[in-house]
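Worksheet for the structure shown next.
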């Protein structure tokens with residue numbers, strides 16, 4: 001009996017650190033993977049040129065909804081057991097802000113250079129940290145303030161070339177770029193709220209990751225289809241879309257779905273939501289590399305400096321999250 005008790009005690013002792021390491025290392029890796037897939041999704045969206053905004057959204061959301069349904073069906077619907085009545089309003093809010101973030105981010109990605117569009121979204125850690133403090137009581141200390149300031153500095157450097165010409169109302173291109181910067185900032189705020197809701201539902205209410213992804217896909221598909229009918233006169237143009245654009249949008253949708261799933265996993269394993277979001281800044285580095293290699297668009301020195309500041313903030317977060 002003593003030998004069995006000793007073996008059981010040793011096994012219990014050995015399992016405890018392994019579980020801790022899993023949550024502190026795997027969580028940041030999920031967030032970094034989310035950033036990489038996000039950059040690839042935005043790249044494919046830019047390559048699908050000339051497709052109206054709500055057309056791109058309804059195609060991508062429909063593909064993601066189909067994939068989410070397949071996953072739930074393969075699991076026998078067991079994930080629905082994690083949904084409680086008190087979580088339904090939060091799930092609806094998660095879907096609504098996800099749709100708003102979808103629209104604003106897609107619009108910004110089509111009118112701004114890839115690197116700049118992705119980088120401006122990274123103001124979301126600022127909103128995530130302080131909205132999390134205001135509404136969910138998440139801790140905000142000196143580190144969070146420092147990292148938020150670094151993100152803000154990086155985005156300011158990146159968008160400086162756009163902002164410098166923002167007072168020239170005679171140039172329509174400048175006006176469009178200024179609007180793109182503003183829309184990207186609004187998208188960051190919507191994304192921050194979505195991240196906080198996901199963090200609450202996954203960590204505190206223990207709602208399944210698959211359910212969170214499914215609700216996001218369901219609500220965004222319904223709203224995007226309704227927007228097509230309301231603003232673009234129906235879905236006929238979507239059905240007649242060229243094959244190359246369909247392939248690009250479907251692949252973009254799958255990358256975005258993988259990014260959302262990875263980020264949701266990262267949020268569920270992170271003690272502080274803003275840490276996961278800052279680690280997702282890996283998409284800034286990837287997007288600038290793609291901008292140079294694929295689009296032959298070399299960013300300015302301030303843009304590169306801003307990207308460096310944002311990446312450094314992610315490295316600091318990775319060290320802190322260990």
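Using N, Cα and C of the backbone, Cβ positions are placed for all residues, glycine too.
Some features that TrEMBL has for this protein:
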type	residues	note
TRANSMEM	21-45	transmembrane segment
DOMAIN	27-159	domain 'EamA'
TRANSMEM	57-76	transmembrane segment
TRANSMEM	88-112	transmembrane segment
TRANSMEM	118-136	transmembrane segment
TRANSMEM	143-159	transmembrane segment
TRANSMEM	179-199	transmembrane segment
TRANSMEM	211-232	transmembrane segment
TRANSMEM	238-257	transmembrane segment
TRANSMEM	277-295	transmembrane segment
TRANSMEM	301-319	transmembrane segment
| request: Using DSSP, break the domain 'EamA' (27-159) down into helix, strand and coil residues and give each count. | output: 114 helix, 0 strand, 19 coil
| query | Which bits of the chain, at least 6 residues beyond where the transmembrane segment (238-257) starts or stops, bring a Cβ under 8 A of a Cβ in it? | reply | 37-38, 40-42, 44-45, 47-48, 50-51, 55-56, 58-64, 67-68, 213, 217, 228
| said: I'm a bit unsure how to read this: which one of 21-45, 88-112, 143-159, 277-295 has the highest number of Cβ pairs shorter than 8 Å with the transmembrane segment (57-76)? | reply: 88-112
| Between the stretches 21-45, 118-136, 179-199, 211-232, which one has more Cβ pairs under 8 Å with the transmembrane segment (88-112) than any other? | 179-199
| field | Long-range environment of the transmembrane segment (118-136) - Cβ separation under 8 angstroms, sequence gap at least 6 | value | 38-39, 42, 105, 108-109, 112, 144, 147-148, 151-152, 154-155, 158-159, 181, 184-185, 187-189, 191-193, 195-196, 199-200, 272-274, 277-278, 280-281, 283-284, 287-288, 303, 306-307, 310, 313
| Restricting to the same chain and to residues at least six past its boundaries, which positions have a Cβ under 8 Å from a Cβ of the transmembrane segment (211-232)? | 52, 54-55, 57-58, 61-62, 64-65, 67-69, 71-72, 79-80, 82-83, 91-92, 94-96, 98-99, 102, 198, 201-202, 238, 257, 260-261, 264
